[in-house]
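**Q** Just dropping this structure here.
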Amino acid sequence: MSRILFVFLAVMAIFSTSFGQQCGLNEEFKSCGSCEPTCAKPRVTICTMECKIGCQCKSGYLRNGEGTCVLPEKC
């Protein structure tokens, strides 16, 4: 019985993190993202490789000071 409960809770946790996440314009959900480039620091030189679950800018976009993902020329 406890094994079934564990499997059920594990499946629910996976579904709630991957399907319940809504990202903004030019963003995508990453289950293990890190070191997101920004307008202030477009090139990340040092990265800790720490997994951060959540929305990050799509490839080719940078996060501006307002928290929006924009093309580099819009910074």
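Residue positions begin at 1 at the first shown residue.
A Cβ is built for glycine as well, from the same backbone N, Cα and C atoms used for every other residue.
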**Q** Need the cross-check against Swiss-Prot: the disulphide partner of Cys35, picked from Cys23, Cys47, Cys51.
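**A** Swiss-Prot says the disulfide from Cys35 goes to Cys47.
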**Q** Which of these, Cys57, Cys75, shares a disulfide with Cys69 in Swiss-Prot?
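**A** Within the candidate set Cys57, Cys75, Swiss-Prot assigns the bond with Cys69 to Cys57.
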**Q** Quick one: of Cys23, Cys35, Cys39, Cys57, Cys69, Cys75, which disulfide-bonded residues lie within 10 angstroms of Cys51 (disulfide bond), measuring between C-alpha atoms? Sequence order, please.
**A** Cys35
**Q** Rounded to the nearest angstrom, how far is the Cα of Cys57 (disulfide bond) from the Cα of Cys23 (disulfide bond)?
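**A** For Cys23 (disulfide bond) versus Cys57 (disulfide bond), the Cα atoms are 9 Å apart.
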